């Protein structure tokens, strides 16, 4: 077996499959493009779903890739096991309706065992297979595999929901008796239990059925096109071929671990407690790649995942004695390890480091807050005479503040308290159940549509015309091809068409189809790409249509021009964002409609009003500069040399279309555009908002809509000016400010009067002091305007020694407000109000010294006041 670096393994994999006629699919962005079913790209096949479900036919049905992936369904185990990772690389080879079982197995065996390639010892390889899949068993035998090395496993059948499914056969490497002292590894393998001796290195999925949850597996229909989908983890292959005990001792992780050793002053021991080293090395890889691909730490979705990874890594850094920010210092090492195939980490190093460091600094403040929260919890336990920290409180520290359970346990035990482990596990399970219920399953690829996939007739979109005559090539009605149709809805393909099919954020054209008499025979309501790329017109049929007949196709020209204004403006906006807020502001989605444009982009904070003003100004300057717009068709490399901005994560063919707006913007784009930027007329941003962690959205309008937006703003300003009696529009702001200042002064004066009135009233309220169980208390109903006045009473009460406990009740409108304040450790205000509030049909809570509640039954106020003596 050859001893290869991870980069050599990756390259040899790709070279082998290229020698078998496969095209190399570049690794896609970790943030899925146009796939809401996935949080992350989590496998090599995840970016190829469109090929497997038949919605798109690839140029080459044989594909290979090395795909960076992230899985975060079991973060707690990362660092505890030898092979568990969040970010990993999946090597794959795929056949879309081309070769199948025989070639997949034979070529896979050749790659692994041939001296020209990996050169694995044949006697070290074991294969599992689905018991009913005799063809795979026989093919392995034909390759020279001993029957004793073939293990049947009932679970070797791949299916997730409806869509492509089939048996799979897995390849394992035997690492020898040193990893199996009890000699039970083969039994564990047969029972489908992971073990350290027999390591799975490759899985070959034989996708031959259309899974249908409504029928038993034996009744699944054969796919019209059988597919091969395989995955081999680079980290596992590297561990085996480099003789490493775990994945972490390979060249993919050890350089990071060495840097952590320098930062911590600790030494990594492969046989000792090394969990913290592993966690940090794994998590900084995931963070570096994900942030480089446009995901940013946040409080939801993939942003929450990144924040959780970073905080977990920071806490493990503290366990190693690293108390300052340090993770950002590891980004360079990650980039250097992966540079040969993934240069983007080093290219975006400054930005990634900035985000990681800022998040570390924020978390440092959060840790301080968490420590304060834990101190409060322990103080409360002491006051209540309890000796155990509850599981729900441990979970809150873990989930909200990022405190590992071990740290909470250590601090609590140092203070003399026990830990409710079972309660914590229960709270953790509840959260995991909620998370699983919320996750959209991403494996199902949908049913293949044989009718659409079978359209092979050529069809060409004509960019430079709004109307043309063309022959009708294909009619599909009720999912069947037909020669003619006279009513209902149908799908049509023409030899050529002026109708743009929805793509790249630009909506489809609409329009009409006319016969040779000039009569409208169909209305085009939508145009989408067929699996083989033809524009597929969805039409409402008004009169007879037949294959082979020529028709005149007319798009709605006015609508197209409105869409083009927004699309061209989108390119200008993208360039302006780069200039104003930074090149990290890359496109995360767009929509170019008739009435508006919507542009989503990666950015870590709200765009300020001043920045929005600069962006808007810059776009309009380019409109007024009347820049010529040109389009060029060329190859991707030439386009990049021209400075074309490619959208990361998008797949481009051999020939790409470059849209250039003067010297201001150059992008790869297949959409339609104006001839000159001046045709946009006017550009106005109407909204900027966050739509998710690390993603912002701008909605803007152009032309007539932009003019209307400005006029609406002017009308609103005129109305305000008239209301505040400003002599001119430019004076309105000063008038409003003057009114605001006057209102603030009046409010301040009013508040002072209220305080004086409350102080005067307090004298009467605080006279009635009662006593129960050795505690002095005041319980009174007061007449106040709002709940804030109750707090003012409490503030006055705290200034003097009126009593130990204060209970105030006020009927404000239809609601009842209750306040409990305590100066003694013997009475917990929060607990007391929980007992009192239900009397007035309310609930509430608070801290030991102050608590408030709201209720709805004012008729029970007297009963509540009477109950205070028993509750104290």
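Glycine residues also receive a Cβ, built from the backbone N, Cα and C atoms like all the rest.
Residue 673 (Zn(2+) binding site) falls within neither a helix nor a strand when secondary structure is assigned with DSSP, and so counts as coil. The feature Zn(2+) binding site is assigned by Swiss-Prot to 567, 571, 669, 673.
Residues within less than 8 Å, Cβ to Cβ, of residue 673 (Zn(2+) binding site) and separated from it by at least 6 positions along the same chain comprise 564, 567, 568, 571, 629, 631, 659.
Counted within 10 Å of its Cβ, the other Cβ atoms near residue 567 (Zn(2+) binding site) come to 26, all protein chains included. Secondary structure at residue 571 (Zn(2+) binding site), as computed by DSSP, is helix. Other Cβ atoms within 10 Å of the Cβ of residue 669 (Zn(2+) binding site), summed over all protein chains shown, number 26.
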